[in-house]
Amino acid sequence: MAEGAEVDKATTDVGATPLHLASENGKVECAQILIENGAGVDRSRSIDGATPLLLASKNGHVECARLLLEKGAEVDKATTEVGWTPLHLASQNGFVECMRHLMEKGAEVDRATTDNGATALHLASWNGRVECAQILIAKGAEVDKTTTDVGATPLHLASQNGKVECAKLLIEKEADQARGEVLLEARDGEHSAEATGNPTENDCVQLFIETGADVNEVTTNNGASPLHLASQNGHVDCARLLIAKGAEVDEATTDDGSTSLQLASQNGHVECVRLLIEAGAQIDKARSDNGATPLQLASLKGRVECARLLVASGADVNTATTNGGMTSLHLASQNDHIECVRFLISKGADVRATTYQRHTPRFLARMPEIRGLLLKAEATSHIRCWRTWRQQTSSFRNDGKNFAFSRLA
């Protein structure tokens with residue numbers, strides 16, 4: 001600078017000044033010199049609008065943050081992209097001392113981001129920053145404030161991401177549990193003993209059940225319960241816990257009448273299918289909108305291992321849907337699932353079955369290999385029928401001869 005270097009000259013890639021870089025890397029002495037020589041403390045980077053204070057807070061450089069605030073940095077100046085403030089980033093990353101100093105200087109505790117309306121407490125909860133959450137709540141953060149995109153509370157986010165200690169704290173602070181936390185947890189992750197190695201402290205589902213959540217609560221637009229979502233997403237330990245706590249295995253959603261077994265089968269979650277069958281789920285229960293059974297949905301999506309398990313458990317291979325008369329073999333053939341086609345044929349699926357429009361599986365098949373399999377199976381079926389007819393005809397003729405001989409006698 002003594003030689004005339006420009007103190008606020010920005011880089012060409014992200015628009016960072018020397019003070020941005022010093023603050024981001026915690027170089028407080030350099031920052032001091034730059035400020036003394038006229039560096040702009042609130043200058044924004046061109047790429048995202050980040051200020052030196054925001055970068056210092058994001059990386060936990062409390063001395064840099066303190067210096068910048070003393071020199072007049074705006075405590076709540078946000079990024080231009082999503083509206084994140086220094087407090088948002090310090091809370092997200094667990095930098096408690098930075099948070100304290102920012103709030104002492106007047107940082108707005110419930111300031112929301114511009115992209116989804118998340119507050120510092122939302123970010124601390126999602127990332128499991130318990131001490132940060134405690135400080136924010138002590139400073140008056142609203143525990144049930146919802147985001148603007150999906151209406152999620154801090155408790156939703158803590159449970160969704162398996163941050164059980166944050167969830168406990170929020171419940172202790174009277175966060176509203178009547179918003180489907182078990183449902184969110186069931187949808188987005190198990191966070192169970194198997195997943196975390198800690199059977200007592202790391203199971204958000206268990207926590208919510210213990211604090212009074214209803215395992216059969218329906219809070220989604222399509223009437224899905226926690227068990228529906230656990231089954232749909234393959235969270236078998238979560239599903240096992242829900243069933244043990246009284247979840248109804250054959251409850252149907254309100255939009256299309258899907259059961260947990262249908263959702264697990266359609267999405268190929270074999271262990272969930274096994275669990276639900278063992279828990280007494282109806283093997284051939286049909287959806288209310290089109291009459292599709294678990295086996296038909298597995299065949300539609302090519303989930304051959306689920307199909308094997310369902311058939312082994314008694315599923316009917318020739319049941320037809322109510323909206324088009326399509327069997328599992330029709331669905332597998334139409335959607336190019338050759339392994340399912342092979343399996344269904346081997347289990348006696350009717351290759352000559354027709355839909356309401358008189359279409360056979362071979363008519364609907366697009367893959368030459370599948371059409372070949374079906375043609376061969378049809379030929380075998382024709383031969384079998386012909387042999388049966390010959391046997392019956394021969395038996396009838398013999399019976400007729402015997403009758404004639406008896407009359408002559």
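Quick reminder: no glycine exception, Cβ is built from N, Cα and C everywhere.
Here the repeat 'ANK' (14-46) has, by DSSP, the following mix of helix, strand and coil residues: 16 helix, 0 strand, 17 coil. Per TrEMBL, repeat 'ANK' is recorded for 14-46 (among others).
Residues or ranges marked as repeat 'ANK' by TrEMBL: 48-80 (among others). Non-local neighbours of the repeat 'ANK' (48-80) in the same chain are 14, 17, 19-20, 22-28, 31-32, 35, 41-42, 86-87, 89-90, 93-95, 97-98, 101-102, 105-108, 111, 113-114; each lies 6+ residues outside the stretch with a CB under 8 Å from one of its CB atoms.
What TrEMBL records for 82-114 (among others) is repeat 'ANK'. The residues of the repeat 'ANK' (82-114), classed with DSSP into helix (H, G, I), strand (E, B) and coil, number 17 helix, 0 strand, 16 coil.
This prediction places the mean pLDDT of the repeat 'ANK' (116-148) at 95. What TrEMBL records for 116-148 (among others) is repeat 'ANK'.
Annotation comment: TrEMBL describes 150-176 (among others) as repeat 'ANK'.
Annotation source TrEMBL lists repeat 'ANK' at 222-254 (among others).
Residues annotated as repeat 'ANK' in TrEMBL: 256-288 (among others). Packing against the repeat 'ANK' (256-288) from elsewhere in the chain are residues 222, 225, 227-228, 230-236, 239-240, 243, 249-250, 294-295, 297-298, 300-301, 303, 305-307, 309-310, 313-316, 319, 321-322: each is 6 or more residues past its ends and has a CB under 8 Å from a CB in it.
Across the repeat 'ANK' (290-322), DSSP classifies residues as 17 helix, 0 strand, 16 coil. Sequence annotations record features per position, and here TrEMBL assigns repeat 'ANK' to 290-322 (among others).
Here TrEMBL flags 324-356 (among others) as repeat 'ANK'. With DSSP classes pooled into helix, strand and coil, the tally for the repeat 'ANK' (324-356) is 16 helix, 0 strand, 17 coil.
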When the repeat 'ANK' (116-148) is classified with DSSP, how many of its residues are helical, how many are strand and how many are coil?
16 helix, 0 strand, 17 coil
Pull the DSSP breakdown for the repeat 'ANK' (150-176) and write it out as helix, strand, coil residue counts.
16 helix, 0 strand, 11 coil
